[in-house]
Amino acid sequence: MKQYTSLNDIKNLNTLVKKAIQLKNDPFQYSHLGKNKTLIMLFFNASLRTRLSTEKAAKNLGMEVSILNINATWNIEFEEGTIMDLNTSEHIKEAAQVISHYGDILAIRAFPSLTDKEKDTTEWVLQSLQKYASIPIVNMESATDHPLQALADAITLEEHNTVQKPKVVLSWAPHPKALPHSVPNAFVHLMHRMSNNIDFVITHPKGYELDTTVTKNASIVYNQEEALKNADFVYTKNWSSFSDYGKILPIDTNWTITQEKLGNARFMHCLPIRRNVVAEDAVLDGNNSLVIAQANNRTYAAQAVLQEILLGLVKT
Ligand code: CP
């Protein structure tokens, strides 16, 4: 069964990026492919971009779309890994099998919110649905990964890069809330996959290390000014240190991206963003900002993935 739960599940990254760029010129080219097929989207968390872009992608392919917003309690008191709250006590074991009869592809957004109690339950919703569902699964953001965002970022880099080996910097961003590591992890995965063509640097304050299994072999520079020197692309994202997980953090404006720090580099962020905390207005609104282009590319990233799954379903 085809799964898209991490960038590792995308074997043909370059081909998929090129396919996605082609789709922008002719989004309805494969509108017959999804006929009589249904995408079911489960949202345990709010979303603007992922929800609308994935729905649009599915509709461009001719699919029906059903969306469930789930009032997640992340309640693990019953039996670990098996309860989700659909306003009733619905167990994932049955829910996943039932959903597999109603839909052809299941897309899930599920990451824990911000309390200490929840930090140990990070990936159980995704993993339990994966275990019990019998249809392909797409990760629309979990606690540790956001592959559709990374694919959209790959498309954006491909479209906007003008130099042979660009320097790309992932810079930790100040934010009062500690959030999951999904986007930075996914971006680091992407950079590893593109490592032959990219000079990649991560910069963050000491104590804010990402999972070392993700960052192994990455160049980490604790001095932001030094890291940003000669950058072609600067990607910002907040992430927590594990000891800060769930706390309201003080804002460290020393890490805010200013126009002066950005220089001539292009600015990237997955959105939503806290203006004048993560980056100042001049950066977000400036000519070097790629944030809207990234958001636009979410549709074609999702469409390329759904299209590949549908082609697989036709073959089987
Ligand atoms: N970037 C992103 O995933 O946005 P949403 O949270 O709005 O889906």
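Any Cβ shown, glycine's included, is placed from N, Cα and C.
For Ser47, Leu48, Arg49, Thr50, Trp74, Arg109, His146, Pro147, Leu148, Gln149, Cys270, Leu271, Arg298, the entry in TrEMBL reads carbamoyl phosphate binding site. Its Cβ placed at the centre, Ser47 (carbamoyl phosphate binding site) has 17 other Cβ atoms within 10 Å.
If you look up TrEMBL, you'll see Glu141, His175, Lys237, Arg274 marked as N(2)-succinyl-L-ornithine binding site. Around the Cβ of His175 (N(2)-succinyl-L-ornithine binding site), 20 further Cβ atoms fall within 10 Å across all displayed protein chains.
Annotation comment: TrEMBL describes 5-159 as domain 'Aspartate/ornithine carbamoyltransferase carbamoyl-P binding'.
Taken from TrEMBL, the feature domain 'Aspartate/ornithine carbamoyltransferase Asp/Orn-binding' applies to 197-307.
Proximity to Lys237 (N(2)-succinyl-L-ornithine binding site), defined by a C-alpha to C-alpha distance within 10 angstroms, is shown by the following binding-site residues from His146, Leu148, Cys270: Cys270. Other Cβ atoms within 10 Å of the Cβ of Arg274 (N(2)-succinyl-L-ornithine binding site), summed over all protein chains shown, number 15. Residues Ser47, Arg49, Cys270, taken from the binding-site residues Ser47, Arg49, Lys237, Cys270, are distinguished by a CB atom under 6 angstroms from ligand 1. Per-residue pLDDT, averaged along the domain 'Aspartate/ornithine carbamoyltransferase Asp/Orn-binding' (197-307), amounts to 94 for this model.
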